[in-house]
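Asks: Below is one structure. I have some questions about it.
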Amino acid sequence: MTTSQSYSCLTGKSFVTLAGGVSVRTPSNGPDRPLLHEPNLRRYVAARLVSLAGSAITYVVMPVLVYGITGSATWTALVAVAEGLPYLLTGLWAGLLADRFERKAVMIGADLAAALVLISIPIASWFGALTAPHVLFVALAAQTIFVFFDAANLGALPSLVVRQRLPAANSLIAGGGTVIEATVPAVAGLMLVAIAPSSLLVIDSVTFVASALLIRAITRPLSRPRDGTSAGGRAAIAEGIRFLIGHPVLRYMTVIGSLVAFSGGSLVGILVVWADRSLGIEEGDWRLGFVFASWGVGGIVGSFLMPVLVRRLGGVRTALAFLPLCGAGGAVTAVSTTWTAGLPALACWGIAYMVVAANSVTLRQQVTPEPLMGRVMTIGRMTSFGSGFPLGALVVGVLADHLAVGTALLLCQISLVIATATAWMSPLRRAPRSLTLPDDATTEETSQQHTE
């Protein structure tokens, strides 16, 4: 799954309103100033959005390249598999690295490495040597690099924002990202009419360099000093796993997140194939970009709703309410056969999916102690995007080569039925509206004031 409208969205109050309809403020700068008044958070958000803009282009280009070369649903789905598998293979070690080393250095190094890997595709294409295995290798390598970036990134945000305000901060970033996802893919689709897909990857490579420069400009530490008593290697990883399994909410949300990610992987894995075979939108058709953008439009609405719903219902109850809606959106999308019906259905699915996904990330960030943040966040990503997502993509790709694409996609939405049943039959039904925060959360506001 992975994601502003104008410059004012990065610097003024308008973006905060977009992200949730509430006044979002930094405790360290007083109660009357918006969250993004803090320069370091502005740089962080700008870095994320610049990188997301480039990645939104790659999101369109990669499957289009493979489908154009092979014409196979399975090969096309392997792009999503390659993008999810690194979480399963390297996620735990990436989380450990993010907890042991300075997060800023990890993020900068990962950005620069990703830029170098991605530029190999346009170079190979210019020399007439581009193949489907090359594209898949780059997808795998770039995503492996991103796993290490993501582990550091997920632990970095709580160093810039106190935990009580993480729903608004995550919604702000998700809102900006989904605005990008709603607009950039549409633009990329139009550009594909006149520009070779591989050449568009140059843009993503440049955005990774820009992201690295913005992160380097952040003056506040993104990691807190360690006490020197942390466990080593496997013991440290086991410590993160024990916390997640032992938490009464996170252990169920982890299982549910994997099932929801299976559904998302089944969509992303054959989105280009679904557009071609079910909606009649081929490569080079200007509407292809809007297929990708529809998912982002739904995500925008979902990012607006998430903090409001969490504030009124609580994080767990929000998940309970939106899981069945997510399943309904997936089913309607799967049976759509025209683009006028399919794109609105896809957008509605995106609303529910974003609420569930962004809410799950926020729950983990809120209840996880700082020393375990990188490991626990990465384990959550590993079980969802590293296992559920690629498995969903692989299953739907194989099914789509033997069944109608809509039928294959519909069958994969059974995972959402199971996720909904798991949630409603578990102790989550009795979870409190507000979860208990870790001990170190109570000192974060003071710590941030001292690092201004």
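The backbone N, Cα and C atoms fix where each Cβ goes, and this holds for glycine too.
Caution: TrEMBL annotation is automatic and unverified by curators.
Quick paste from TrEMBL:
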type	residues	note
TRANSMEM	49-69	transmembrane segment
TRANSMEM	75-98	transmembrane segment
TRANSMEM	105-129	transmembrane segment
TRANSMEM	135-160	transmembrane segment
TRANSMEM	172-195	transmembrane segment
TRANSMEM	201-219	transmembrane segment
TRANSMEM	252-274	transmembrane segment
TRANSMEM	286-306	transmembrane segment
TRANSMEM	318-335	transmembrane segment
TRANSMEM	341-361	transmembrane segment
TRANSMEM	382-400	transmembrane segment
TRANSMEM	406-425	transmembrane segment
Asks: Do any residues, 6 or more residues outside the transmembrane segment (406-425), come within under 8 Å Cβ-to-Cβ of it, and if so which ones?
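Replies: Residues 252, 255-256, 259-260, 262-263, 266-267, 270, 274, 278, 319-320, 323-324, 326-327, 330-331, 333-337, 388, 392, 395-396, 399-400.
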Asks: Within this structure, do the transmembrane segment (75-98) and the transmembrane segment (135-160) have 3 or more Cβ pairs under 8 angstroms, counting pairs 6 or more apart in sequence?
Replies: yes
Asks: Which stretch, 49-69, 105-129, 172-195, tops the Cβ pairs under 8 Å count with the transmembrane segment (75-98)?
Replies: 49-69
Asks: Look over the recorded stretches 105-129, 172-195, 201-219, 318-335, 341-361 and say which has the most C-beta pairs under 8 A to the transmembrane segment (49-69).
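Replies: Against the transmembrane segment (49-69), the leading stretch is 172-195.
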Asks: Counting only pairs at least 6 apart in sequence, do the transmembrane segment (252-274) and the transmembrane segment (172-195) share 3+ Cβ pairs under 8 Å?
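Replies: They do not touch: fewer than three Cβ pairs between the two stretches lie under 8 Å.
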Asks: At a threshold of under 8 Å on Cβ distances, which of 105-129, 172-195, 286-306, 341-361, 382-400 pairs most often with the transmembrane segment (201-219)?
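Replies: Most Cβ pairs under 8 Å with the transmembrane segment (201-219) come from 105-129.
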Asks: Hey, which of 105-129, 172-195, 286-306, 382-400 has the most Cβ-Cβ pairs under 8 Å against the transmembrane segment (341-361)?
Replies: 286-306
Asks: In the same chain, who gets a Cβ under 8 Å from the transmembrane segment (286-306) while lying at least 6 residues past its ends?
Replies: 3, 18-21, 56, 59-60, 64, 167, 170-171, 174-175, 177-190, 192-193, 267, 271-272, 275, 279, 318, 329, 339, 342-344, 346-355, 358-359, 362
Asks: Which residues of the same chain, at least 6 past either end of the transmembrane segment (382-400), have a Cβ under 8 Å from a Cβ in it?
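Replies: Distant Cβ neighbours of the transmembrane segment (382-400) are 1-2, 73-89, 91-92, 254-255, 257-270, 273, 277, 360, 407-409, 411-412, 415.
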